[in-house]
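> I'd like to ask some things about the structure below.
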Amino acid sequence: MDFFAYKNGQLFAEDVAVADIAAQYQTPVYVYSRATLERHWHAFNDAIGEHPHLICYAVKANSNLGVLSTLAKIGSGFDIVSGGELARVIEAGGDASKVVFSGVGKKADEIRYALEQGIMCFNVESEPELHRINAVAESLGKKAPISLRINPDVDAKTHPYISTGLKANKFGIARERALQTYELAASLPYLNVVGMDCHIGSQLTEIGPFVDALERLLLLIDELAERGITIDHLDVGGGLGVTYNDEEPPHPKAYAAAMAEKMVGRENLKLILEPGRAIAANAGILVTEVEFIKEGEEKSFAIVDAAMNDLLRPALYSAWQNIIPVKQESTATARNYDVVGPVCETGDFIGKDRELAIEPTDLLAVRSAGAYGFAMASNYNSRCRPAEIMVDGDATIVVREREILKDLWKGEHKLT
Ligand code: LLP
């Protein structure tokens, strides 16, 4: 459930009319709801109950400081994939000791930075990475806490670009090599083996694959215990899907409870979850204005002021995101449109074949844009990236200013 709803025909974010935000801050503009972010985080956290656990929000979904500070304040941990994300977490007031560091290509300076900050764990994806972390830890005279990302080889049944738990993916360590890799890790003097992790994919709409993966990892944890290697935490990654259209993913409560249920009797094994999308996606919208209605030979186009550089998911994954009017009533007749942006590419669309009653200057809201929206935005076509606004009750807070032209060439140098 989220806090975007119509009141008297007008779309509201919590207690603020979205049209007022557009009038004040211009379009395109991302609008987030603080209450929704908090509600989603708590849904995960509460469902696990008494079992020791930590919800580590996946920063990549939306790394805005306003979002991170909101979650830090309610006690969230964070899943990061770069030194940059760690710096954001710290800047936002997050606790480094609640950070797990994922990703297949951690550089030595990122490892050093994370060790200096005292993160909870490195989620390691390969043997060479173990050696690199060991060497950096040695140079600092510290022991690095590590977990191995095991590839459980389960089919997440999601889009191939975001399915990560199969043997053919670049991620993780094959199950068959897990024991020997753990033994290697345990033998390296500057490593401290503390965990096991996995992440099987994103936008999953069934609980089954998650439970399969968890069970496979528990078996492995028991095998390790027989060999004298004790694991303190099990991190099952992120990946719970959301409703963009007609998907019916399990509720975070049901998902988290299913995970916790499998942990019964293992009170010494802390459970870590890394949800990104399920916390942020439906906590955000992208508001855009209709610039022109264009009649093509075969189609009608609604040309709007948001484009693929602002929201890449439709162009990149053919992802479907709901597009709704900010004002429900319209004098225009409902027609079928491709909603497209001003970028010079055929792939620049926000939605295809949408039934909308619109005319120029009308405002549209793209739903479920809080995750992998601004985070994947670029300056392609030298377009300034939009502002981001956090709504908190009846207050609006600019959590990122709209870029200005000078930002476009920041750090560039012309030749004389
Ligand atoms: N943990 C790890 C190790 C991950 O790789 C990811 C996402 C997550 C957690 C969070 O997954 P989530 O709960 O958000 O599904 N850009 C794509 C999604 C890529 C996800 C990559 N990894 C999209 O827009 O659909």
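Using N, Cα and C of the backbone, Cβ positions are placed for all residues, glycine too.
So TrEMBL lists the following for this protein:
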type     : residues                                       : note
ACT_SITE : CYS344                                         : active site, proton donor
BINDING  : GLY239, GLU274, PRO275, GLY276, ARG277, TYR372 : pyridoxal 5'-phosphate binding site
BINDING  : ARG277, ARG313, TYR317, GLU345, TYR372         : substrate binding site
DOMAIN   : 30-370                                         : domain 'Orn/DAP/Arg decarboxylase 2 C-terminal'
DOMAIN   : 35-281                                         : domain 'Orn/DAP/Arg decarboxylase 2 N-terminal'
MOD_RES  : LYS60                                          : N6-(pyridoxal phosphate)lysine
> Look up LYS60 (N6-(pyridoxal phosphate)lysine) in the DSSP assignment and report helix, strand or coil.
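The three-state answer is helix.
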> What is the separation, in Å, between the Cα atoms of GLY239 (pyridoxal 5'-phosphate binding site) and the residue listed as 'N6-(pyridoxal phosphate)lysine'?
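About 12 Å separate the Cα atoms of these two residues.
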> Please give me the CB contact count at 10 A for TYR372 (pyridoxal 5'-phosphate binding site), counting all chains in the structure.
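Summing over all protein chains shown, TYR372 (pyridoxal 5'-phosphate binding site) has 25 other Cβ atoms within 10 Å.
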> If you count Cβ atoms within 10 Å of each one, which of the recorded positions LYS60, ARG277, ARG313 comes out on top?
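Top count of Cβ atoms within 10 Å goes to ARG277.
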> Taking only C-alpha atoms and a 10 A limit, tell me which of LYS60, ARG313, TYR317, CYS344, GLU345 are near TYR372 (pyridoxal 5'-phosphate binding site). These are the recorded positions.
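So the list is LYS60, ARG313.
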> Of GLU274, GLY276, ARG277, ARG313, TYR317, GLU345, which binding-site residues are close to the residue listed as 'N6-(pyridoxal phosphate)lysine', meaning a Cα within 10 Å of its Cα?
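Matched binding-site residues: GLY276, ARG277, sequence order.
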> Comparing the binding-site residues GLY239, PRO275, GLY276, which residue's C-beta has the most other C-beta atoms within 10 angstroms in this structure?
GLY239
> Could you round the CA separation between TYR317 (substrate binding site) and ARG277 (pyridoxal 5'-phosphate binding site) to a whole angstrom and send it over?
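Given the Cα positions, TYR317 (substrate binding site) is 15 Å from ARG277 (pyridoxal 5'-phosphate binding site).
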> Within the domain 'Orn/DAP/Arg decarboxylase 2 N-terminal' (35-281) only, compute the mean pLDDT.
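So the average pLDDT across the domain 'Orn/DAP/Arg decarboxylase 2 N-terminal' (35-281) works out to 95.
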> Select the closest residue to ARG277 (pyridoxal 5'-phosphate binding site) from the following recorded positions, measuring between CA atoms: ARG313, CYS344, GLU345.
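Closest by Cα: ARG313.
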> DSSP three-state call for TYR372 (pyridoxal 5'-phosphate binding site): helix, strand or coil?
coil
> Restricting to the chain of GLU345 (substrate binding site) and a gap of 6 or more, list residues whose Cβ falls under 8 Å of its Cβ, or answer none.
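GLU345 (substrate binding site) has long-range Cβ partners MET308, ALA315.
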